[in-house]
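The next block holds one structure in the form of structure tokens; read it before the comments.
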Amino acid sequence: MEFKYNGKVESIELNKYSKTLTQDPTQPATQAMHYGIGFKDEDFKKAQVGIVSMDWDGNPCNMHLGTLGSKIKNSVNQTDGLIGLQFHTIGVSDGIANGKLGMRYSLVSREVIADSIETNAGAEYYDAIVAVPGCDKNMPGSIIGMARLNRPSIMVYGGTIEHGEYKGEKLNIVSAFEALGQKITGNISEEDYHGVICNAIPGQGACGGMYTANTLASAIETLGMSLPYSASNPAVSQEKEDECDEIGLAIKNLLEKDIKPSDIMTKEAFENAITIVMVLGGSTNAVLHIIAMANAIGVEITQDDFQRISDVTPVLGDFKPSGKYMMEDLHKIGGVPAVLKYLLKEGKLHGDCLTVTGKTLAENVETALDLDFDSQDIIRPLENPIKATGHLQILYGNLAEGGSVAKISGKEGEFFKGTARVFDGEQHFIDGIESGRLHAGDVAVIRNIGPVGGPGMPEMLKPTSALIGAGLGKSCALITDGRFSGGTHGFVVGHIVPEAVEGGLIGLVEDDDIIEIDAVNNSISLKVADDEIARRRANYQKPAPKATRGVLAKFAKLTRPASEGCVTDL
């Protein structure tokens, strides 16, 4: 790949940060430490590139990132004037943690990742950053950390997993979650239940549908912070290896031209990112994370920007969880660049936004494949969309005065009026499924699991999957002050602000109340008289904090509401 910059090129020191340590004659101990890690005399004038991966053995999404990081380091070291230094930060496997209290740490991990990247690179004076994320919160955490530093940076996505298979049926992580509901209702044998679990995840790579990881990778490539094809190159592919081999030249180009995240992550670039999320039918988590990434670079993006773009952007991608296809299928027809090329042709994107190649978004995709709408139905044309407007809708009303996020594919309808069934937490809901407490026409209300009340705003993938598996996915709705996995589908509303423990009306809902959700008029309302609401509020007792020490308590104290991205950056 060729790299270029259309702006004015000025002479610049590539090591303008690291020279603070390597060239200062009053820092002999610093320089001795560098000799200790193997530096030669000639290395002290090189620009230092920090290569951070979220590699660890315990998650298929992340188990290969160390290998990719080593390839990137080799690419950097083979590039004249650069030296690569690897470091690592943490991750949380949403697929493993979902359904248990450990899921409270997932969103928190985004902030820990951002803080640790900023901390390490800031302390070590790295001149540039390459981040290698895999699982969901890894991506926004990486971008937030790089945005705070505002030094030349590139994100290399770890890549998507291949599909699993059992008895001729293609499987993915959500297949395993939904098998629970089938088991509870007696709709799957023990043998097949075990068979699904054993075969859903065949190896390394992020969960394969248009779930949160692939959604965020697509958004960040469109934003301009990854090389073209990074989002759709599979974890196990020659293309992903080739991408790693290109990073040395790519990051040197950014250093030479002093192209920083602030040059790339503009308001228009974020609008492009939101557009691709809508077109691909992406995760509700994109709302939280794009708002947070924009905040880190000083660009104001709100929930209302999502609604504005949703109103004029159709869903074209037929991807799981609500559709048929996986990210590996998009890769076969040209990946994200093919979709971007089509959208640019149709006037749906800002083509003049700068990217990490030094080229504009439009220049990046000039040679991408053209989508053939006769030979594939993974991506539909604008004139034949899956849904005429975006699937992510921002709803307001007395249940969500600060807003909420609905994921409405259109397959489940756009209006739901039903009877409330209240659950104080995730396990309470699962118990309700097992006891037959939920029936067609009900609105499940799961509360006290928001950013403060959770704390950590855990995902409700286990409940929504159990609902689908139990055969209630098309006849029940679910609302929560928590959030959803990218694997969630059905009539669901999350991110309700204010959350229950912050005085939100969701904390006052009782069984048999009537709740109305209108995705056409963007409203969510509790149909209870004002005097009855006042009576309940007078008698309300706020639950005691679930965490009083440690990182969860810290998050609960610092976090902004979901409508502001749950950022903790003061």
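Each residue, glycine too, has its Cβ placed from N, Cα and C.
According to Swiss-Prot, the feature [2Fe-2S] cluster binding site maps to Cys61, Cys135, Cys207. Non-local neighbourhood of Cys207 ([2Fe-2S] cluster binding site): Cys61, Gly95, Thr160, Ile161, Asn172, Ile173, Val174, Ala213, Asn214, Gly486, Gly487, each in the same chain, at least six residues away, with C-beta under 8 Å from its C-beta. Mapped onto three states, the DSSP output places Cys207 ([2Fe-2S] cluster binding site) in coil.
Following the DSSP three-state reduction, the secondary structure of Lys137 (Mg(2+) binding site) is coil. Annotated Mg(2+) binding site per Swiss-Prot: Asp94, Asp136, Lys137, Glu459, in sequence order, evidence recorded as sequence analysis.
If you look up Swiss-Prot, you'll see Lys137 marked as N6-carboxylysine.
Here Swiss-Prot flags Ser485 as active site, proton acceptor, drawing on sequence analysis. Ser485 (active site, proton acceptor) counts 29 other C-beta atoms within 10 Å of its own C-beta, drawing on all protein chains shown.
When the CA atoms are compared, the recorded positions lying within 10 A of Cys135 ([2Fe-2S] cluster binding site) are Asp94, out of the candidates Asp94, Glu459, Ser485. Here Ser485 (active site, proton acceptor) is positioned 8 angstrom away from Asp94 (Mg(2+) binding site), judged by their C-alpha atoms. Ser485 (active site, proton acceptor) and Asp136 (Mg(2+) binding site) are 9 Å apart (CA-CA, integer value).
For the binding-site residues given as Cys61, Cys135, the lowest number of other CB atoms within 10 Å of the residue's CB is seen at Cys135. Within its own chain, Lys137 (Mg(2+) binding site) has Gly91, Val92, Asp94, Ser106, Leu107, Ser109, Arg110, Ile113, His289 as residues 6 or more apart in sequence whose C-beta sits under 8 angstroms from its own.
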